[in-house]
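Encoded as structure tokens, the structure appears first; notes follow it.
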Amino acid sequence: MKVLSLIFVIFSVLVLFASAKDPVCDQPKAVRRCFAAFPKFYFNSSSGQCEGFIYGGCGGNENNFNTLEECNAKCA
């Protein structure tokens with residue numbers, strides 16, 4: 001019975017760590033009015049998906065990815 005309990009605890013911890021999301025993904029989309037227009041992607045925590053936006057080239061935060069694949073790998 002102890003072995004079964006230990007296996008359950010280890011499995012639960014592994015699932016918890018596997019589902020932990022990077023805090024970068026909870027940052028809001030940061031759109032500032034600058035003079036550039038770069039197509040980028042961010043993770044929308046409300047919809048649970050990566051979405052495109054136009055990055056103005058200044059300011060912002062780390063929830064800013066060059067490709068949809070990069071965003072999905074980090075956050076989805």
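Think of each number as a place in line: the chain as shown, counted from 1.
Backbone N, Cα and C define each Cβ position, glycine as well.
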Say which of Cys50, Cys58, Cys71 is recorded by Swiss-Prot as the disulfide partner for Cys34. Cys58
Spatially, which candidate from the disulfide-bonded residues Cys25, Cys34, Cys58 is nearest to Cys71 (disulfide bond), comparing Cα atoms? Cys25
Round to a whole number and give the Cα-to-Cα distance in Å for the pair Cys34 (disulfide bond) and Cys50 (disulfide bond). 23
Rounded to the nearest Å - Cα separation of Cys58 (disulfide bond) and Cys25 (disulfide bond): 19
With DSSP helix as H/G/I and strand as E/B, how many residues of the domain 'BPTI/Kunitz inhibitor' (25-75) fall in helix, strand and coil? 10 helix, 15 strand, 26 coil
Around Cys58 (disulfide bond), how many other CB atoms lie within 10 A of its CB? 11
